[in-house]
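Record features (TrEMBL):
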ACT_SITE  K29  active site, for sulfotransferase activity
BINDING   K29, G30, G31, T32, R33, R110, S118, K235, G236, R237, T238, H239  3'-phosphoadenylyl sulfate binding site
DISULFID  C218-C230  disulfide bond
DOMAIN    20-255  domain 'Sulfotransferase'
Amino acid sequence: PAPPAGSDPGAARPGTKRLPRAIVVGVKKGGTRAVLEFIRVHPDVRALGTEPHFFDRNYHRGLEWYRSLMPRTLDSQITVEKTPSYFVTKEAPRRIFNMSRDTKLIVVVRNPVTRAISDYTQTLSKKPDIPTFEGLTFRNRSLGLVDTSWNAIRIGMYAVHLESWLQYFPLSQIHFVSGEKLITDPAGEMGKVQDFLGIKRVITDKHFYFNKTKGFPCLKKSESSGLPRCLGKSKGRTHVQIDPEVIEQLRDFYRPYNIKFYETVGQDFRWE
């Protein structure tokens, strides 16, 4: 129906649905949900809560479908989405570049050995009858041959995946968040994310408290909401115990990839 004469037609629909200017593209089990929950506290950021999987699974639906999922934003606000599987999807860099070559990309990385164990732990909680971690990790354990076709291992080869992104985007448009520091110094890591997005540092120490039970930071309650916000029940679950020898073999496997990754991004994550 037409708005009554003299009323502001825009008042009923504040803001516009826009394509994201920033995307959290990876990595799975790195801390992407935490980054999204923390950044959406910022008044200049609106984030899509669910993972749209547009650039990997739903690309055939088209950009207008993708835009229709987005929250409404004012001109001063940035739209953000996160789908961690984009980082390891071969077509994603080109597809995002074709949407907008100015898209800012956020990659949350953590020690690839810990990440793989966390990934396995999550899968095990859904499929209790899967083979052991050791069984999936090696093609031949006595020879130390790691099975790089297993996704939990492959995702942690960050240097390999990054090459695809650097064919389309300069390093200045990709920001790497340390999954480890996100736990020990969330305000520091989120300060850098805010700088990267070109927004004021609003999210600071006063927004966080450390939840000893879960072992990671939670958002303190704001004036408007009564309860502190911690990530879901599945976050912070106890990892499966892995033979220390297997962990050592995996550290050796990842070392050259880690070193190449540090050199490429100009940042030492100290996973050794």
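Cβ atoms here come from the backbone N, Cα and C positions, even for glycine.
On a predicted model such as this, the values are computed, not experimentally measured, just so you know.
The most densely surrounded of the recorded positions K29, R33 is K29 (count of other Cβ atoms within 10 A of its Cβ). If you take the CA of S118 (3'-phosphoadenylyl sulfate binding site) and look 10 A around it, the recorded positions you hit from K29, C218, C230 are K29. Least crowded of the disulfide-bonded residues (C218, C230), judged by neighbouring Cβ atoms within 10 Å of its own Cβ: C230. The 10 Å shell around the Cβ of T238 (3'-phosphoadenylyl sulfate binding site) contains 7 further Cβ atoms across the protein chains shown. Per-residue pLDDT, averaged across the domain 'Sulfotransferase' (20-255), gives 94. Nearest to C230 (disulfide bond) in space, judged by Cα atoms and limited to the recorded positions K29, R33, T238, is R33.
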